[in-house]
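Enquirer: Just lifted these from TrEMBL, have a look:
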BINDING   Val13, Gly14, Ile15, Ala16, Ser43, Arg44, Arg45, Tyr97  NADP(+) binding site
BINDING   Cys281, Cys292  Zn(2+) binding site
DOMAIN    7-124  domain 'Gfo/Idh/MocA-like oxidoreductase N-terminal'
DOMAIN    132-244  domain 'Biliverdin reductase catalytic'
Amino acid sequence: QISKMFGTVVVGVGIAGLARIRDLMNPMPSSPSEHLKLFGFVSRRSFGNINEAKQISLEDALRNKDIHAAFISTENRSHEETIRMFLEAGKHVLVEYPMALSAKAAHELWEMAEQKDKVLHVEHIELLTEEYKQLKKEVAGKDLVKGTLHFTGSVLDENKSGFPAFSGIARLTWLIDLFGDLTVTSATREKQKDKNYSRMTVHFQTANKKPLTWIEERGPGMRREKKINFCFTSGCLENFPEAPRSSVGLFMQDQNLFAKKLLGQVSKEELAAEKWRILRCLDLAEVIQQYCEEPEKIYS
């Protein structure tokens, strides 16, 4: 039996792109990642080589028949266009979240991937952290009364990263994955331009009509941190449960999952559930943005 190999290219060499190059060059022994072979990377900046990886042009990456998949690690704003180009060129795509900055674009791209029978995989390393896995175990089977997830972090350039509901979609993904489908009841946003400060507050209801709040707050020098307060009929959870350190890096876990999809080793049920979750979160991100940007229409 000939081992199936997938030639890959990394597009964009920021922090995530460099992690991707490292992991593609050092796959976990006897893991699905051994079926991925790095051909090179694409960047607007000129690097020559990074380690053993060589820089190639975008045209080459799209044209080359030996490249079967692209890892897209560019800024959020350009995800949509880059995914489209590689799908049109008949390549599989792994993209960092959020896959696009509008729900419409996300649905179109997903449809395109399905028509071309290509894997479109959106990285969600926030679901792969040990901290999150423990939290999910802790929450399982409990009845929510109310909850809050409060994220703080440093300033993002919104022109590149998009509206906070999209750039912060990792938090929304947590809430949906923990508590099931949500409905937005209201959303507001406070901005202090002179202080470079932004705070988005979103109120949701669960299917059982229980309130959940998501706060996404960013300003100069703010520590990257998540605070939780989930109250259940059995009591409140205010701190993350203790979690062991994982021996496998998050990007590597994600890369293995992508490789499993390429090899056809992920069940239809899992793929369908993931598709629903990703598109649902993007739909909600758009609803949140509309609430925040058009208050006058909502109260009239």
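Every residue, even glycine, has its Cβ placed from backbone N, Cα and C.
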Enquirer: On the 0 to 100 scale, where does the mean pLDDT of the domain 'Biliverdin reductase catalytic' (132-244) fall?
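Expert: When the pLDDT values over the domain 'Biliverdin reductase catalytic' (132-244) are averaged, the result is 97.
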Enquirer: Which has the fewest other Cβ atoms within 10 Å: Val13, Ile15, Cys281, Cys292, the binding-site residues listed?
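Expert: Among the binding-site residues Val13, Ile15, Cys281, Cys292, the sparsest Cβ neighbourhood within 10 Å belongs to Ile15.
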Enquirer: With every protein chain in view, how many other Cβ atoms are within 10 Å of the Cβ of Gly14 (NADP(+) binding site)?
Expert: 13
Enquirer: Give the distance between the Cα atoms of Arg44 (NADP(+) binding site) and Cys281 (Zn(2+) binding site), rounded to the nearest whole Å.
Expert: 30
Enquirer: In whole Å, note down how far the CA of Cys292 (Zn(2+) binding site) lies from the CA of Gly14 (NADP(+) binding site).
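Expert: Between the Cα atoms of Gly14 (NADP(+) binding site) and Cys292 (Zn(2+) binding site), the distance comes to 30 Å.
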Enquirer: In Å, how large is the greatest distance between any two Cα atoms among Val13, Gly14, Ile15, Ala16, Ser43, Arg44, Arg45, Tyr97, the listed binders of NADP(+)?
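Expert: For the residues that bind NADP(+), the greatest Cα distance is 22 Å.
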Enquirer: Can you give me the Cα-Cα distance between Ile15 (NADP(+) binding site) and Cys281 (Zn(2+) binding site) in Å, rounded to a whole number?
Expert: 24
Enquirer: Might you list, by sequence position, any residue in that chain lying six or more from Ser43 (NADP(+) binding site) with a Cβ less than 8 Å away from its Cβ?
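Expert: Those within reach of Ser43 (NADP(+) binding site), by Cβ under 8 Å and sequence separation of 6 or more, are Val11, Gly12, Val13, Gly17, Gln55.
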